[in-house]
Amino acid sequence: MHTDSLDKQIKTRLNKLQKRLRREVGQAIAAFNMIEDGDKVMVCLSGGKDSYAMLDILLNLQKSAPIRFELVAVNLDQKQPGFPEEILPNYLESIGVPFHIVERDTYSIVKSVVPEGKTTCALCSRLRRGTLYGFADEIGANKIALGHHRDDILETFFLNMFYGGKLKSMPPKLVSDDGKNMVIRPLAYAREKDIAEYAELREFPIIPCNLCGSQENLQRQVIKEMLQGWDKTNPGRIETMFRALCNVVPSHLADHQLFDFKGLQLGFAHGIVPGADTIMGPLDDDEETGANGSGVQMMEKIDILSL
Ligand code: SF4
């Protein structure tokens, strides 16, 4: 194919992806009130595709946002052997964004604490998080932006359900346990495959996370493969599952601490989501609900109260 027409195709694809990511990030920011006028947002940059894309889209939105907010990129150099120290500073200087590189040898701590052969990612991430939280205080950032996306959120949800016995995931916005830091995840609505393609087309200088030689948590890997398999065999299922996470009906689960089942009384519908007690069938499989979930509208609704 002629180079000009290939360039044009790449540019068109890039524009399309950028528009979609901008829209999804904008929607997530608005839905969760992630960024407000006057905020100083510390954007955590690991050198992976997700954080590059997050910074890129936030900078883009900053230009047209009706509010004023500051963005400061921060990378934590954890002193993993082989970490190419110059890549991030060079990139950040080239795009003219204020930034800090924080140097902390968490690698040595992790290596001295975790037994040989065991995955080090959990402790490594915890130490990274602690250091970054502390640094946000130092630079007066009132929000910390992390690059987790929709697929990370779903993976974490299944990890907690399968291995932890909890319905719990990574929320798009949360306050740290000590109440001092506000964490936001502006990519919460964005799909990993879009981010990966965008990062490739934008030619971000990616630094692989596994330079340290650690393997990703095996359980997370299993969940990732399960979700990717579903995405292939049941297109639309991932979208439907993510919608479900945004559409919780506490009165139709079984957590008596979340919903006051003990206090439930006839004729009193306090806390019950209107329409929650409606069977929508058939719901056995995604194929039957339609690839993008729109088939739900065609499904027969049976109000059990009228049976
Ligand atoms: S792969 Fe290495 S650097 Fe990345 S989170 Fe795991 S232990 Fe940390």
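Along the chain as shown, residues are numbered 1 onward.
Here the Cβ of each residue, glycine as well, is placed from N, Cα and C on the backbone.
In TrEMBL, annotation is done automatically, which means it is predicted and not curated.
Per TrEMBL, the [4Fe-4S] cluster site holds CYS121, CYS124; the candidate it also names there, chosen from CYS212, CYS246, is CYS212. Between the listed ranges 46-51, 232-237, TrEMBL ties the annotation motif 'PP-loop motif' to 46-51.
Long-range contacts of the motif 'PP-loop motif' (46-51) within the same chain: residues 75-76, 87-88, 146-149, 152, 187, 192, 195-196, 199-200, 204-209, each at least 6 residues beyond the stretch ends and with a Cβ under 8 Å from a Cβ of the stretch. Across the motif 'PP-loop motif' (46-51), the model assigns an average pLDDT of 96. Ranked by how many other Cβ atoms sit within 10 Å of their Cβ, the binding-site residues CYS124, CYS212 place CYS212 at the bottom.
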